[in-house]
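First up is the structure itself, then whatever we jot down about it.
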Amino acid sequence: MTNIRKTHPLMKIINDAFVDLPTPSNISSWWNFGSLLGLCLIVQILTGLFLAMHYTPDTTTAFSSVTHICRDVNYGWIIRYLHANGASMFFICLYAHMGRGLYYGTHAFRETWNIGVILLFTVMATAFVGYVLPWGQMSFWGATVITNLLSAIPYIGTTLVEWIWGGFSVDKATLTRFFAFHFILPFIILALAIVHLIFLRETGSNNPTGIPSDMDKIPFHPYYTIKDILGALLLILTLLTLTLFAPDLLGDPDNYTPANPLSTPAHIKPEWYFLFAYAILRSIPNKLGGVLALLLSILILAFIPMLHTSKQRSMMFRPFSQFLFWVLVADLLTLTWIGGQPVEHPYMIVGQLASILYFLLILVLMPVASLIENKLMKW
């Protein structure tokens, strides 16, 4: 008798994607982050669903409803903090997943990579609108500052901002629509993630060497299911440790003050995972220039497959490219630190230099290093 997982129309799809999937035998733990992102998404959707049952998207009651969730709802506090810190874990996994893709040349799978870039934009949009919902000071002012950036668009900017706000300032209409967006976007992310996987199944997984591994494949289950379970346990352990011991470590204390349009916080800054882009935005004195740099800092990822000049796919055997990759990582950490600092003398110039280096590395230095490595291969 044939196994049901191989014959049933629905089970067959799941079987081909997660059980009998031929997988390279040498993929490292850096390949765990895809499944961890799936786990993060499930955690976020479930905790978010329970939070939405008690949350009220109204300017007069939003802040109080979050307080009510934490104080009066059974285990509301843990659901709320799992959701808030789950977002941080999501972005840690996302950046590690992208870094892996960049290092090992996974961007050669054009369709998979491009869907990934779209996914990144969608996740960032979801996190942004979600941060507005508690209606604290940083929620309100973050929403005001970031949406206001669109006013830099010539001719239609001001109209566009007022259209997004649903009025002449961030108010009840803005909060209601942001809640609607925050509820629907995770399901769009889920659909895009499935498309991402469909495109990946077309080509099969890459591996650390970047060399085709068709002659050396092993089934996904049990070898990589057990490996993914270990990664999942470590993720859950980290998330629970963060949630139970330091729930506010990555948040902003200003968000415990109810939103007040008449009082501006001393330092307006987004959550830590957006600080690198915020630093790039602030490092350009011109408003439109800053907005374009902000957009390009993420959109540049879509051009990476075109900027790949090396004859080798992976960076495993390319020392110059490896060095520049880690310089890029250090540069992004520097930008993240600068984004959280006030706009004054030493930080401004460091932020500007780090922003220049970011674009220089991706657009010039890394492609040139790859060309030099191509020449050295002939020696």
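Glycine too: its Cβ is placed from the backbone N, Cα and C atoms.
According to Swiss-Prot, the transmembrane segment annotation covers 33-53, 77-98, 113-133, 178-198, 226-246, 288-308, 320-340, 347-367, on the basis of similarity to another entry. Among the features that Swiss-Prot reports, heme b b562 binding site is placed at H83, H182, with the record citing similarity to another entry. According to Swiss-Prot, the feature heme b b566 binding site maps to H97, H196.
On the backbone, the CA of H196 (heme b b566 binding site) and the CA of H182 (heme b b562 binding site) stand 21 Å apart. By the count of Cβ pairs under 8 Å, the stretch nearest in packing to the transmembrane segment (77-98) among 33-53, 113-133, 178-198, 288-308, 320-340 is 33-53. Residues 99, 102-103, 269-270, 272, 274-280, 282-283, 310, 347, 350-351, 354-355, 357-358, 361-362, 365-366, 369-370, 372-373 of the same chain lie 6+ residues outside the transmembrane segment (320-340) yet bring a C-beta within less than 8 angstroms of a C-beta in it.
Shown in sequence order, G48, T126, V129, G130, L133 are the residues of the chain, 6+ apart in sequence, with a C-beta less than 8 angstroms from the C-beta of H182 (heme b b562 binding site). In sequence order, Q44, T47, G48, L51 make up the list of same-chain residues 6 or more apart from H83 (heme b b562 binding site) whose Cβ falls under 8 Å from its Cβ. Less than 8 angstroms from the CB of H97 (heme b b566 binding site) sit F33, G34, L37, each of them six or more residues away in the same chain. Counting Cβ pairs under 8 Å that are 6 or more residues apart, the transmembrane segment (288-308) and the transmembrane segment (178-198) reach fewer than 3 and are not in contact. Secondary structure at H196 (heme b b566 binding site), taken from DSSP and collapsed to helix, strand or coil, is helix.
Sequence-remote contacts of a segment are chain residues at least 6 beyond its ends whose Cβ falls under 8 Å from one of its Cβ atoms, and for the transmembrane segment (178-198) they are 17, 37-38, 41, 44-45, 48, 52, 55, 57, 112, 115-116, 118-119, 122-123, 125-126, 129-130, 132-133, 143.
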